[in-house]
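J.: Okay, so TrEMBL annotates it like this:
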TRANSMEM  A:62-79  transmembrane segment
TRANSMEM  A:91-114  transmembrane segment
TRANSMEM  A:120-140  transmembrane segment
TRANSMEM  A:152-174  transmembrane segment
TRANSMEM  A:194-215  transmembrane segment
TRANSMEM  A:241-269  transmembrane segment
TRANSMEM  A:281-301  transmembrane segment
TRANSMEM  A:313-331  transmembrane segment
Amino acid sequence: MNKLSPVIALVSLILLSGLSILSALAFGAADINLLQTLGALRLSGSEPFVEQIIWQLRMPRTLLAFIAGGGLAVAGLMLQTVTRNPLADPYLFGISSGAAVGVVLFVAFSGAGIFHVAQLSLSVAAFIGSLVAMALLLAVSGTAVAKQVESMLLAGVALSFLFSAITSVTLYWSDPQAISAVLFWTMGSFSRAQWPHLVLPGILLVTVLLSILCLRRQFTALLLGDESAITLGVNVRRFRLLMLLLSSLLTASLVSVCGGIGFVGLMIPHVVRFFISQAQPLTPVLVCLLGGLFMVWVDVLSRLLLANQELPVGIITGLFGSLFFLGLMYMRQHRYQE
Amino acid sequence: MIKLITGLALSLTISLSAAYANVEENSQAPLRIVALAPHIVEMLYDIGAGDNIVATVEYANHPEAAKAIPRIGGHHGISIERLVALKPDLVLFWQGGNKAQDLEKMRQLGLNVKLSQPKALEDVAKELKMLGELTGHQLQALKVANQFTNKLQSIRQLYQNKQQYSVFYQLWSTPLMTVNEDSWINQLITSCNATNVFSQSPTKTPQVSIENVIVANPDVIVIPDAHSTSPQPKVGWEKWQQVTAVKRQRIIRVNGDNMHRFSPKMLSGLADMCRQIDKFR
């Protein structure tokens, strides 16, 4: 398959993202057309009701979807690159199951009523859960370069199982109400999005992207393997830990506000690799844009598929995303055979 | 060979007569009931058969005496071994609440299982009478059942000619969840002569967004609080003044423990919700 020029891909993705975010604002339960949407955006002559819905509900939600899609995809790319494992994604390292434990424990034991003030408390619980998972992973994964990848992956998988078990055992003793709230949380949703939720993930995403761009030499060197990277003067062990730390922080900040959203981190980097050769310095930006673009439309679907109610985002990413990816693989396989 | 057959026949006779004796003995001993749902326990106490319960499930916390009954499971399943060991004469199974696999297993083991499957509010009276028949407390059951039916009718009559309000029933806030018409909570709402704004949703406990609620524009928002869970995190409705319920400050809190359980006690929760809604009329 002929690869695309990264610059053309970048320009078209930026245009598409802008258009998608704009048009996504016009979809929702309330009947607001594109013209009214644009009016509300320019803050000129639209009803206050429309303005409020656009600015307080749909805008933070759409932007959060974009940041979440982009952030999870970039985190996936980082982990796949530094571990040279095509299956690596934030979920594999127990980061999201750590967040789930935070939420479950919070829902199950917050009867004391200290924390029940705001929605943000749930996010804080999830964030702490992810940080604990990350700290454990860093503590366990070895110091020797040779075995670092292996021990990271194994420790990540073990941690995932550990956290799922803690989640299950807590849910086992909780009441059905708490169970369904947690279940919905694990399926992911952007419907709770508020402006303050965007701050931390937004800052982290920009920071992570900038640092990968600055460290692109090391990043690309790792694609060649540990030995080659060391020969090229990269401190592989430290660089890998840094990447793990950054991607975990990013994931934790996202999972804590959106819940569990699978697929994006794993698949989007692969989709980009289908079209763009791997060693391009622009790859992280493309992955981020495509992830964001994908998630914005997933969120639109989650608002529209069922009349008067929401379909959890995780279901759509899992279903449509996997089918799309399988189709892409099938097509590629076909072309090779011809 | 003959010896063997005689021996077999003899042992069979002995064991049969032993079994017969067992049945005889049981008919005099008090009935041993296992009640596998909190609402069944409540109803059994209501009809005077509470002392016959030998085991139940978690959350069967009403009346006070029920808290002392041994537990053999919860919504996650039942310990069949402990159930069998209790040698119950009657197992009351909650169709739709307990696990279906457990029912199959109990029937395979030859236990005397009877189903509680309440759907409409009126079914509480039917269930009470059924429990009365099964436990021999027919008279008391009939009395309680009639009381229930009368009270339900009087609540409905009280409000049937009043102005009809639309209600958003906020089952949970993070994420925002509500009920559709398949839930019996919907029947509670209509009993107050109110309508549920999400009654037509395709799923039983739909997840909705703030925007969905704004579009539905309910006259009243009802928030149930349950004793067993923490209070619902706040949604921040005060920001959405275009919703009638918010603008007119018609957000009420009701007792979820009472309302969400299929027993006569439900009516006290219902009466309270109707009264609170009626204050706005």
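Just so it is clear, glycine is given a Cβ too, placed from its N, Cα and C backbone atoms.
Keep in mind that TrEMBL annotations are predicted by a computer and have not been checked by a curator.
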J.: Any residues 6+ beyond the ends of the transmembrane segment (A:194-215) with a Cβ under 8 Å from its own?
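T.: Same-chain contacts beyond the ends: 56, 60, 63-64, 67-68, 70-71, 74-75, 78, 119-120, 123, 239, 246-247, 249-250, 253-254, 257, 281, 284-285, 288.
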J.: Using Cβ distances below 8 Å and needing 3 or more such pairs, separated by at least 6 in sequence, tell me whether the transmembrane segment (A:120-140) contacts the transmembrane segment (A:313-331).
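T.: No, the transmembrane segment (A:120-140) does not contact the transmembrane segment (A:313-331).
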J.: Which range wins on Cβ pairs under 8 Å with the transmembrane segment (A:241-269): A:62-79, A:152-174, A:281-301, A:313-331?
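T.: Comparing A:62-79, A:152-174, A:281-301, A:313-331 against the transmembrane segment (A:241-269), the winner is A:62-79.
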J.: May I ask for the residues of the chain that lie six or more residues beyond the transmembrane segment (A:313-331) and have a Cβ under 8 Å from a Cβ within it?
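T.: Contacts of the transmembrane segment (A:313-331) (Cβ under 8 Å, skipping residues fewer than 6 from its ends): 65, 186-190, 258-264, 267, 270-271, 274, 294-295, 298-299, 301-302, 305.
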J.: Six or more residues out from either end of the transmembrane segment (A:281-301), which same-chain residues have a Cβ under 8 Å from its Cβ atoms?
T.: 6-7, 9-10, 13-14, 16-17, 20-21, 24, 27, 61-62, 65-74, 76-78, 190, 205, 209, 212-213, 216, 219-220, 261, 264, 268-269, 271-272, 311, 313, 316-317, 320-321
J.: Where else in the chain does the transmembrane segment (A:152-174) make close Cβ contacts, counting only residues six or more beyond its ends and a cut-off under 8 Å?
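T.: Hits for the transmembrane segment (A:152-174): 83, 85, 88, 91-94, 97-98, 100-101, 104-105, 107-108, 129, 133, 136-137, 140-141, 182, 240, 244.
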